[in-house]
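Novice: Quick one: the structure is below, questions incoming.
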Amino acid sequence: MVKVNENYLKLKAGYLFPEISKRVNNYTQANSSSKVIKLGIGDVTEPLPKACVKAMGEALNEMGTNNGFKGYGPEQGYGWLREKISVNDFISRGCQISSEEIFVSDGSKCDSSNILDILGSDNLIAVTDPVYPVYVDTNVMTGRTGETLQNGTYQGLVYLAINEENKFQPEIPKKKVDIVYLCFPNNPTGATITKQELKKWVDYAIENKSLILFDAAYEAFIQDKNIPHSIYEIEGAKNCAIEFRSFSKNAGFTGVRCAYTVIPKNLSGQNSKGDKIDLWSLWNRRQCTKFNGVSYIVQRGAEAVYSSQGKKEVNSLIDFYMKNAEIMQNKLRSAGFKVYGGDNAPYVWIKVPDRMTSWDFFDYLLEKADVVGTPGSGFGLAGEGYFRLSAFNSRMNVNNAMERIINI
């Protein structure tokens, strides 16, 4: 009989969001008249920018003509999109990232998982706690984490707690780690990092020859001009960091699928003999073997994000969701909750009432207010006692959900 990858058996009972869906489905089946408002999964709700819809429509029509038809595209992405990304997202901020260093993909979730294909399995990995579950689970699946401990953590990972005490800023590891996952603006806490703090991480990585995997999926929601949008705003980062970006949240592409990963050409690792190996070439080889590229139609839609109309419409979407976050902050604070995040990210991170666990509070909100959020413990041991609410919803739903919560 065929043997399975037993690393999958080390995973916790279920990925966080399917577990939430299961509980909500059980509740709605038992309470058919309930009108549940979901502020849990970070999926967008508002329509795509008109500029993107128009561009994709035109691209679709092109595909129906002999002259305009496109077959397989470049695995790295079309040059015209990569150039727009380079100029608008990096060079405009003083980051010297060339179009060749940008790889277009169908999602940063996929890329942050697939990047492990080019990294050795014996690297020591550090993650924040709480953390986006994908970082941990994909390392478990590939056998990099060791055994599961009784408290639900993994023997082979280094956990960097982020909490009220350290203002949700992970401390630099006391020992050398090979790979560090950083996500700012942070999912799930909504915290941000200053240039000064990020510089400490870059300095650590250079000194220890470590690699930073920097998830900037929520950078478009930054309101504070002093907060960095990219790790490449920090001197030296091109020698130690890979950055993941996405069109999912800023342009509403969760159902369209387009993202990109930046791998600087001078970024390198080493083989077992100690020889330098450049990571750009490995990732390019990986993509050419395992990926056929993002569709032409979708890439034209992504290109439209950088048009003058597209920029206005994307900014309007961001303003809409950030207003939702502001409403949530104000209402929850007026009800006596401790609230974090929501200033530069579309998530608010709240302290649950005393003597309640995160899952207790989940059930409490569901049963008393018909509101769904995400238990902090689902993001890691240090997330216990917290709860995430997402600003990705309609204004009416956000207002109604807040009224329900404060009137419990």
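Quick reminder: no glycine exception, Cβ is built from N, Cα and C everywhere.
Predicted, not measured: the structure shown is a model, and the values here were computed from it.
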Novice: Given that Swiss-Prot lists Tyr72, Ser108, Lys109, Asn187, Tyr218, Ser246, Phe247, Ser248, Arg257, Asn292 as binding pyridoxal 5'-phosphate, which residue among Tyr132, Tyr204, Tyr232 does it place in the same site?
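Specialist: Answer per Swiss-Prot: Tyr132.
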Novice: How many other Cβ atoms sit within 10 Å of the Cβ of Ser248 (pyridoxal 5'-phosphate binding site)?
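Specialist: Other Cβ atoms found within 10 Å: 22.
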Novice: Of all the binding-site residues given, namely Gly42, Lys109, Asn187, Arg388, which is spatially nearest to Lys249 (N6-(pyridoxal phosphate)lysine) at the Cα level?
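Specialist: Minimum Cα distance from Lys249 (N6-(pyridoxal phosphate)lysine) across Gly42, Lys109, Asn187, Arg388 lands on Gly42.
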Novice: Pull out the binding-site residues from the set Gly42, Asn187, Asn292, Arg388 whose C-alpha sits within 10 Å of the C-alpha of Tyr72 (pyridoxal 5'-phosphate binding site).
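Specialist: Hits: Asn292.
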Novice: Across the listed pyridoxal 5'-phosphate-binding residues, Tyr72, Ser108, Lys109, Tyr132, Asn187, Tyr218, Ser246, Phe247, Ser248, Arg257, Asn292, what is the farthest Cα to Cα distance, given in whole Å?
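Specialist: Those residues reach a largest Cα separation of 34 Å.
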Novice: For Asn187 (substrate binding site), which residues of its chain lie six or more apart in sequence with Cβ-Cβ distance below 8 Å?
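Specialist: Those within reach of Asn187 (substrate binding site), by Cβ under 8 Å and sequence separation of 6 or more, are Gly42, Tyr132, Asp215, Ala217, Tyr218, Ala345, Tyr347.
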Novice: Please work out the number of neighbouring Cβ atoms within 10 Å of the Cβ of Tyr72 (pyridoxal 5'-phosphate binding site), leaving out its own Cβ.
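Specialist: Excluding its own Cβ, the number within 10 Å is 8.
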Novice: Which state, by DSSP, holds Arg388 (substrate binding site): helix, strand or coil?
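Specialist: Looking at the DSSP assignment, Arg388 (substrate binding site) belongs to a strand.
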